[in-house]
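Residues or ranges marked as L-aspartate binding site by Swiss-Prot: Glu175, Arg221, His450, Arg491. The ATP binding site annotation in Swiss-Prot covers Arg221, Asp222, Glu223, Glu484, Gly536, Val537, Asp538, Arg539. Taken from Swiss-Prot, the feature region 'Aspartate' covers 199-202. The site 'Important for tRNA non-discrimination' annotation in Swiss-Prot covers His33, Gly83 and rests on sequence analysis.
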Amino acid sequence: MHRYRSHTCGALRESHIDQTVRVSGWCHRIRDHGGLLFIDLRDHYGLTQCVADPDSPAFKDAEKLRAEWVVKIDGKVRRRPEGTDNADLPTGQVEIFITEIEVLGPAGELPLPVFGEQEYPEDIRLKYRFLDLRREKLHQNIMTRGAIVDSMRKRMKEQGFFEFQTPILTASSPEGARDFLVPSRIHPGRFYALPQAPQQYKQLLMMSGFDRYFQIAPCFRDEDPRADRLPGEFYQLDVEMSFITQEDVFAAMEPVITGVFEEFAKGKRVNSVWPRIPFAEAMQKYGSDKPDLRNPIEMQDVSEHFRGSGFKVFARMLEEPRNQVWAIPGKGGGSRAFCDRMNSWAQGEGQPGLGYIMWREGNEGAGPLANNIGPERTEAIRIALGLGAGDAAFFVAGDPAKFVRFAGLARTRVGEELNLVDKEQFALAWVVDFPMYEYNEDDKKVDFSHNPFSMPQGGMEALVTQDPLNIKAFQYDITCNGFEIASGGIRNHRPEAMVKAFEIAGYGEQEVVDRFGGMYRAFQYGAPPHGGMAAGVDRIVMLLCGTNNLREISLFPMNQRAEDLLMGAPSEVTPKQLRELHIRLNLQEE
């Protein structure tokens, strides 16, 4: 028999009854039932009930065991007594009668329990992550993550993609987020950077004659804490293709992402046909460029019904051409209590309130707005929104560029409060036609709105002849349930177009050469049309595991202060290490 086990803790079945077996694992739970000692032994594969009575030669050893001790148990498999089966366990019909116990690794007093999975402070969980990872839910999430990544790889290869690995030590690229810098010992005063993404390398691969690249790529960004991204590093399914259009990217990636979601959806519906929503339409209908399409609410511009109306606040606003009034329909929300609750919520969000109209029996409009604009306009709004008795509509007004974020939050709130959101589906969609540029109010200049290497719709002619803020790019996102899970674009592959695109954003040609010299040189020697995307592995896994916390699907994450509490990073280093790197610290005194 093997030194440590003949079977795993998840393997034993009725067919093993009367066999002598050996299992090893952790003491998950120990119960004393009137002289009978029950030990639930756990390993990576499952859990087996082991039992010792006072007649067992191992009883005294069993009495000494404590939670999370690692032990080896020899014994005989037997049928559980009638009425004690556990249908929740694959091993739930059998137990091991213990004949011998060997302690392989005793455990001290636990800083957090493994059994029971009680809520514990996050910093404790991260400091003792090796204990936290023994807990069933987190352990299963990590296994699911591995299976999802395997599925991605398999499906990418089925689509004809090849996996490549690009460098981890690269040059600093000042655009975007801050880089993690790595000082060079050999080249004093010079630094490598960890890649924020393999963007330039994957484009260089296409210029090197390769096609259909992918990798599960680690990405590093020295960003301030964000609720929707882990500090430090994250992983993406990185993709690039040559001689393709936007349609080719969609055709290649839809089956991959749909297939992964269908495989791990656990009974939830996954739409096989993805809507394609222009960016401007997404913002107007949903108040977000990553709309949650499980929520059926679509906002509408109802400005015409308030222009010149008796509701002077909106009527005066609409005298300014850029201002609009948007309506958020709320099916089933036509109660005074609900409307007052939404108004209070809006005030909590820093707004003066949230105007509303309710419709009662006979489709009669009610509320301050209805009283001010009159029955004819109220009825026109009801018809436009497709509402009836028992429904309500909420209104936001002003410059859409300023209120759109709040409008999106209000749409989400109404949908959730009225239980309109279908929690049993994954609603996937493309968002397309992103603006190439946006106006940076802080710096008073035009900036790239997304990826600076994307191709403008209309090419060089658009860059030369159009208002930059009207130029659309061949850029696209994949959204799911209110999350952006992928982003990509068709690339600028002509050097003159690349230089012009950067010039509009305030970069001179020499600055482009200095910052992106490798790619700029490659453009001079025959660059194919190419494009791709990157899908967020962490977010996809988070959605499929049914959690809203990225730390629940990551092995050893940092906390929100970008600290690894288990390994003690970031840490001080020795003066000798600093001297070797030609670094002198200049820290502010506390």
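Using N, Cα and C of the backbone, Cβ positions are placed for all residues, glycine too.
Neighbour counts of Cβ atoms within 10 Å were taken for the recorded positions His33, Gly83, Glu223, Gly536; the minimum is at Gly83.
Closest to Asp538 (ATP binding site) by Cα-Cα distance, out of the recorded positions His33, Arg221, His450, Arg491, is Arg221. There are 17 other CB atoms within 10 A of the CB of Glu484 (ATP binding site), with all protein chains counted. Around Val537 (ATP binding site), the C-beta neighbours below 8 angstroms that are at least 6 residues distant in the chain are Arg145, Ile148, Val149, Met152, Ile216, Phe234, Tyr235, Gln236, Leu237.
The Cα atom of Arg539 (ATP binding site) lies nearest to that of Arg221, taking the recorded positions His33, Arg221, His450, Arg491 as the candidates. Here the region 'Aspartate' (199-202) has long-range neighbours at 166-167, 170, 173, 213, 238-240, 451, 453, 516, 518-519, 532, meaning same-chain residues at least 6 beyond its ends whose C-beta is under 8 angstroms from one of its own. The residues of the region 'Aspartate' (199-202), classed with DSSP into helix (H, G, I), strand (E, B) and coil, number 4 helix, 0 strand, 0 coil. By the criterion of other Cβ atoms within 10 Å of the residue's own Cβ, the least surrounded of the binding-site residues Asp222, Asp538 is Asp222. Listed in sequence order, Gln203, Phe453, Ser454, Met455, Pro529, His530, Gly531, Gly532 are the same-chain residues six or more apart from Arg491 (L-aspartate binding site) with CB atoms under 8 A from its CB. Here ATP is bound by Arg221, Asp222, Glu223, Glu484, Gly536, Val537, Asp538, Arg539 per the record. The longest Cα to Cα distance in that group is 20 Å. In this structure, the C-alpha atom of Asp222 (ATP binding site) lies 57 angstrom from that of Gly83 (site 'Important for tRNA non-discrimination'). Taking only the Cα positions, the spacing between Glu223 (ATP binding site) and His450 (L-aspartate binding site) is 17 angstrom. In the predicted model, the region 'Aspartate' (199-202) shows an average pLDDT of 95. Counting only same-chain residues at least 6 apart in sequence, those with a Cβ under 8 Å from the Cβ of His450 (L-aspartate binding site) are Phe434, Met436, Ala473, Gln475, Ser487, Gly489. Nothing from the recorded positions His33, Gly83, Glu484, Gly536 places its Cα within 10 Å of the Cα belonging to Arg221 (L-aspartate binding site).
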